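What follows is one structure encoded as structure tokens, with my remarks underneath.
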Amino acid sequence: MMVSFFDQFASPLYLGIPLIAIAITLPWVLYPTPSSRWINNRLITVQGWLINRFTNQLMLPLNMGGHKWALLLVSLMIFLITINMLGLLPYTFTPTTQLSLNMGFAVPLWLATVIIGMRNQPTVALGHLLPEGTPIPLIPVLIIIETISLFIRPLALGVRLTANLTAGHLLIQLIATAVFVLLPMMPTVAILTATVLFLLTLLEVAVAMIPSLCIRTLLKFMPPENV
């Protein structure tokens, strides 16, 4: 029995070894490897169609030069969605509830876009720190604000993803506990509570898709020349 509801977010141990590495590696085993044949089975066909749709939607905010990032970004999006969906199963662990993992993905990608933009077109990249037509007295203040906004963006996206997943898992556990407690005493109330639990589970499935929105949001606010 868990001492605290937050114990579900601690990395499970086996013989003193953290099992988070297995939770991170497992999603790649679930996807079949595409073959070189013209005609594939239905599973690989559906998988290819979904990946193509993901790629089209994800690459919309980027110019043609940024399409070389498609493999990295689509792989990251599918990986995050998979581990989030697996985390909704009973007796599983969701690695993305750890802020360190989310920041480990967010900071390198964000830093890469900033560095590439500074290298390719430094004048245009720095120009985004100062909106056009800004009054002269406000120039120093706006530069400071835009710089802080640029550096805090990956932290904000990582914290938002972690908070959404953590809050959703806690609500599911709290409501499920309430259903078991109310079932022998007030069956009608327990059924209504179970209905709320089912609707919340559907909402959590939608929340599992948030990583793709975070990636698109990060790309949307990046200047086009950065990619």
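Cβ from N, Cα, C; glycine included.
What TrEMBL lists as transmembrane segment is 12-31 (among others).
Annotation comment: TrEMBL describes 69-89 (among others) as transmembrane segment. Nonlocal intrachain contacts for the transmembrane segment (69-89), taken as residues 6+ away from its ends with a CB within less than 8 angstroms of a stretch CB, comprise 23-24, 26-28, 30-31, 51, 54-55, 58-59, 62, 95-97, 105, 109, 165, 169, 201, 204-205, 207-212, 215, 219, 227.
Residues or ranges marked as transmembrane segment in TrEMBL: 101-118 (among others).
When Cβ-Cβ distances below 8 Å are used as the criterion, the transmembrane segment (138-156) is approached by residues 103, 106-107, 109-110, 114, 128-131, 218, 221 of the same chain, each at least six residues removed from its ends. The transmembrane segment annotation in TrEMBL covers 138-156 (among others).
Counting same-chain residues at least six beyond the ends of the transmembrane segment (163-183), those with a Cβ under 8 angstroms from any Cβ of the stretch are 5-6, 8-9, 84, 87, 94, 96-97, 189-190, 193-194, 196-197, 200-201, 203-204, 207-208, 210. Residues or ranges marked as transmembrane segment by TrEMBL: 163-183 (among others).
Taken from TrEMBL, the feature transmembrane segment applies to 189-215 (among others).
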